[in-house]
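Take a look at the structure below.
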Amino acid sequence: MGDAESGPRLINSAVLRIVKASKDLSVSPSFQRYAFSSWVKQNICKKECCLFEKDGRTDACKCGYPKTSHIDEAIKPEDFTGESWNKHRHVREMPTDAFGDIAFGGLGQKKGKYARVSTDTSPEDLYHLLTELWKLPPPNLLISVTGGAKNFYLKTRLKNMFHRGLIKVAQTTGAWIITGGTHAGVMKHVGQAVRDYALSSSVQGNIVAIGVATWGIIHNRDALVQPEGCFPAHYLMDTKTQGRLSCLDNNHTHFLLVDDGTHGRYGVEIELRSHLEKCISGKRLGNKETGVTIPVVCVVLDGGPGTLDTIYNAMLNGTPCVILEGSGRIADVIAQVSGLPVSQVTIALIHVLMKKFFGHEYETFPDLRIIEWTKKIQDIIRMPHLLTVFRVSEDKQGDVDVAILQALLKASRISESLGIETWRRQLELAIAWNRVDIAETEIFTEESQWKSSDLHWAMSSALVGNKPEFVSLLLENGVSLRDFLQGEETLCELYKQLPSCFFLRKLAKRVHSSRRNRRQAFAIRARARTGQGEMISLTHVSDEVRHLLGNFTRHIYPKSTIPFHFNMSIEDMSLSKSEADSEVPIREEAADVQRDPGTDLFLWAVVQNNKELAEIAWEQCRDCMSAALAASKILKKMAEEDRDGDQAEDMEELANHYEQHAIGVFSECHSSDGERARKLLVRASHLWGRTTCLRLALEADDKSFVAQPGVQALLTQIWCGELSVDNPVWRVLVCMVFFPLIYTGFLVFRRDELIQKDTEKREEMKTVETVTGSTLRTNARTPLQRMKPLGSWSRLVCLYDSPQAKFYGNIVSYFAFLFLFAVVLMIDFQTSPSPAELLLYVWLLSLVCEEVRQLFHDPDGFGFRKKAKMYINELWNILDVLSILLFIIGLAFRLTTKLLYPGKVLLCIDFVVFCLRLMAIFTISRTLGPKIIIVKRMMMDMFFFMFLLSIWVVAYGVAKQGILIENDNRLDWIVRGAVYEPYLIIFGSFPENIDNAAFDINTCTMNGTDPLKPKCPVLNDNQTPAFPEWLTIIMLCVYLLFANILLNMLFLFTFQEVQDNTDRIWKFQRYELIKEYHSRPAAPPPFIIFSHLYLFIRSVVLRRPPIVYKEFKNELPPIEEEELLSWEALMKDRYLLSAQQEQSQTVERRILDTAQKVTIISDRQEREEETSSAAMVKRLARLEEQVFQSTKALQWIMDSLKSQGFGAKETPSLTSNATDDTPDSLMTTSEKEDGFHVNSRQFHYPNTKLTRFPVPEEKVPWEVVHINFYHEIMSCWSSGKHWNPGGRTGIRGRGALRHLGPNLNLDLVLTRLVVLVFEGYVDDCRNTDNAWVETTVLNVHLDRTSQMMMDINNMVVSSHGALQWQEVSGKTRLSSNQRDSLRQVAALHNRKF
């Protein structure tokens, strides 16, 4: 037997593994269907009748199915001979035969999934079916919608609010909606909500509407039956012919069709649906090991008595319910009494309300049922924390989604004292739902007091869950990023939980590479740890970020000592080419740099391309401009490496966004203080690898940032060196020729300007002090106070060492070089080199040395590879190398006697290249620079257009040559006629051989024998060309037309593209030229060779470090840097405020605001219209009530007067036509609401299946007459000797108590003195009419050192945990009686409880 059962179990487990693996592996759909079908057949069953017994009223079986629907064994059973049909015995389980995909006809072709399940199916199997096989993500909220199963009318406003609110809460929280699943009543409204709002939403796939319906009442269900499953089953909704049956709703996404083996019986699914909801509510929220469980809420529309039972049972189980007032019937009844005291909710009032809202259906309700419903309604309104009534008429009421979520939060506040755990549970729900509005209004209130440490878990959850609005809310409510990211563990954990992105794959590859290298080095240790996952630390993050920023930066994180396991399969990653610098052998010491938590969080958000989180973190950054430019560089680098990925465009867009942020902040800084703004550009940022904002902008190719006036002002200042930027060029040139003029003030130095400004400032301060009499002076900058004028030698050095002067000197030198080169080529090119030619060689040698110096000069620390790559990518450097190589080759030929002339030809060509190189010198000019850029771009685009043009040239040339010339075999003349002549035609060289009028036979040769003349065209007998003249002329016209079109396209396209960006490109490229001349030696060629010799001796022989210049990178003192960053943060706040104001003034924003206001006005108008009519109805009802009260009072007065003999013989009756019970509806007892026992009247008697007889509040006292229909359990009740002093309980006998009458109980509260705290009747759920519990509470206080206390402690120790001391407070879960007793004891001792 065991072997027989083991087979299916093995198959079932194998199928489970296959289904789970199908999530991650790419398997065929047919294989997935096979695995799904196998699992369903093994775990899901249906029910069918196995005994046909004819019903007396119809020809069908008592199960409801006709005879044809039964198998042969059921019609003639052998096992049940002589037995009567019984549902529990004659219905058996069989493997289900209806499951798969369901397709509804009509527009949209909606599809869903379905399964026929037995009533005895395990809820765990159903949950597994939903989440594992149907791939539904576990819900964050379960919404159970119940109410009227028949079609009912909803007001338009209420219907719209319900539809909108239900879908909104489902979308924002990731909820599951569970209904009855049929196309009627409240289920139809839910389906319409899914249809109307989900289709128009971008997240429509997240709407999950699960219909749990009865299989036996489904119309056209035969189309769903297929033993192997239907994929899909085509279901036809036919509501016209459904009769007593119901059709499935085509807007639900999943169906569980509950089968108990019967047909035509409604309500079969209720029990299984309840078990499924309970099962789901027991799952952890978000599949976490710790935390709250999935919350459940019940939403009620309309409904009858069955809906009342559903609400009652749900609230007993702790499920909050939201009642929609105005939806009809039982929902409106509960809504009407929800605000009343329990004592006023009488049987008569329920009669009135039932009659009002149920109409003719009220006539069929027996009085006993009304009493039962009254008792249930009273119990429902006794639980206000679980009851929420949604009223459309209230202004403060939001949409239905807000009411649902508020109901859940209100239900979670079950403790009398709201502790931090209660708030934490509510906040965890709000984060899981991603409803920041609920958290803001319901959780972060004045009642809740939060510490930063209390919200760290929430911040982690919001960051990992990508909930930027919650991140902002937590920061606003006291979360300190410095405390949150204080240790490496939190940041490492955030990187460990990065979503799937390009950076994560790169990081995982780096981790695996590092792990592999360590395994090779320590093979034995690696084998001992093969079971562990990969390790991730900030070291790997720093390495990858350094790769993205560039190797010229330093590591942003010190070497980490805290590794984290990182399980990620390397096979799942499609990565680009591995970098050679994945492992850096030497890491700089960065422990002394204090990290900025805002920067760390910003980097974490940027690398995952998350704009919303990055925006929030950027606002918290300490070095915001560097952070924005670094983000631009990182994102552009990732987009370049992941060019084929899906996020490349998004990365480019986000990079441009942060470039604009950097521009905005810098513009604010520059407009406020230009000098400080320029310091920010060249300040070495310790948070971003000790690089500068300017360097980051250049590396990120942020042309717009570099083109800003402030950045250009800095470059101009560097270009001029110590000279004033206001000096005209001609003055600089004159002083370079005649330097003594610098001592006469002819040339202004920057130091002189600063001294003059400082002097003027001091004079203004003295004037203010003189006028006001104040002695207070503003703090002047220390450098200005100690500044001294430049000396004579310093002025001379500053003149010739400025990049501007170097540039002019090199221009003169280059022109002299070209002049010497031209003289040698045209005048002095001898067999043996002349002195002028030797000087040319020396000059060229100095140029070669300068190129070598530029190649190896690396002040930014790029490394030789990066520096060489940058050198080669520059067009002008390529021309330099080409000219030098041509010169060397030409020189080699020239020194060879036989190759003298070819050498001269090469040198002549080289002279052309040197002349072209002259254009690079003038790129510094504001006038010529942009024009040179246009020419450069046109030359690059020309090659692509020349390809198109060459096709047209060859096409016309070959056709022309073939028409004019016959069989010319001379290759040079063929090329001339087919290519060269058509090319010249473009530029106006009109051909003479295509026109007969210009034909001259003497200009050509007949047979092609003359190599100096072209071959004549084919001639006629009269010695004239025989070709069709009209054809050649037409071909020429068409050729010229298209050729000119292509040329115009070349110029127009390139000019239009470059013209808009020319200025920006020129400003960007200007930096490299300025930097080149800043680092260039002062002496021009050929004298520069002495400077090269000095630099070689200094660096190679003497091994001295290179000179560090502060113009491009400056290390500021800590105090000055802190002041500068604080000022930058202030400018950032100004920028954000101005950007926000500017955005609010945009046309789009104004349109949205106007639309929102119009919507609010229209909603308020509709609400006022409804409330006015509702208010009128209430006023009439109140007036009617007052009239009725007055009538009663007058009737009582008349009766009293009659009894005393004062009445008249005939008195008109003032009694109303109301029923006998109606006056009771408005009479209240003098007892307080809490004077009657409540627990003793619970419907379900504990530990039994019996239910009490309903005893409403007004029928509890024995003095009030009530229907004498009680259960009697466990003993016969004695005659009137024992009557419960608390009143009726709804059940007689002793119940679960030991004996009739009072059952005494003693509660001891140990304190110091013996005090009687309480003695008397206790409201216990075991009480009956004839047996009850009476308790005596004694307060016995013991000294810690007393013998009795020592004995009790010994008893606790010896009990091994059976007894223990427990500290009790208001948060401890206690019964209401125990809580009252402890509260009284605390009051005796002046303590709070």
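Backbone N, Cα and C atoms are what each Cβ position is placed from, and that goes for glycine too.
Please treat TrEMBL annotations as automatic predictions, because they have not gone through curation.
For 113-337, the entry in TrEMBL reads domain 'TRPM SLOG'.
Look at TrEMBL and you will find 442-708 tagged as domain 'TRPM-like'.
For the transmembrane segment (729-749), the list of distant contacts is 722-723, 790, 792, 795-796, 798-800, 804-805, 808-809: same-chain residues at least six beyond its ends, Cβ to Cβ under 8 Å. Annotation comment: TrEMBL describes 729-749 (among others) as transmembrane segment.
Taken from TrEMBL, the feature transmembrane segment applies to 807-827 (among others). Long-range contacts of the transmembrane segment (807-827) within the same chain, counting only residues at least 6 positions beyond its ends with a Cβ under 8 Å from a Cβ of the stretch, are 732-733, 736, 800, 834, 836-837, 839-840, 843, 847, 904, 907-908, 911, 914-915, 918, 921, 924, 1077, 1080, 1082-1086.
Look at TrEMBL and you will find 815-1050 tagged as domain 'Ion transport'.
TrEMBL lists 876-895 (among others) with the feature transmembrane segment. A Cβ distance under 8 Å defines the sequence-distant neighbours of the transmembrane segment (876-895), meaning residues of its chain 6+ beyond its ends; these are 841, 844, 847-848, 851, 854, 902-907, 909-910, 913-914, 916-917, 920.
What TrEMBL lists as transmembrane segment is 901-922 (among others).
Per TrEMBL, transmembrane segment is recorded for 942-959 (among others).
Under the heading transmembrane segment, TrEMBL lists 1030-1055 (among others).
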Contact set, same chain, for the transmembrane segment (901-922): CB under 8 Å, 6 or more residues outside the stretch: 807, 810-811, 814, 817-818, 821-822, 825, 829, 876, 879-880, 882-883, 886-887, 889-895, 928-929, 932, 935, 1073
Rounded mean pLDDT for the residues that make up the domain 'TRPM-like' (442-708): 79
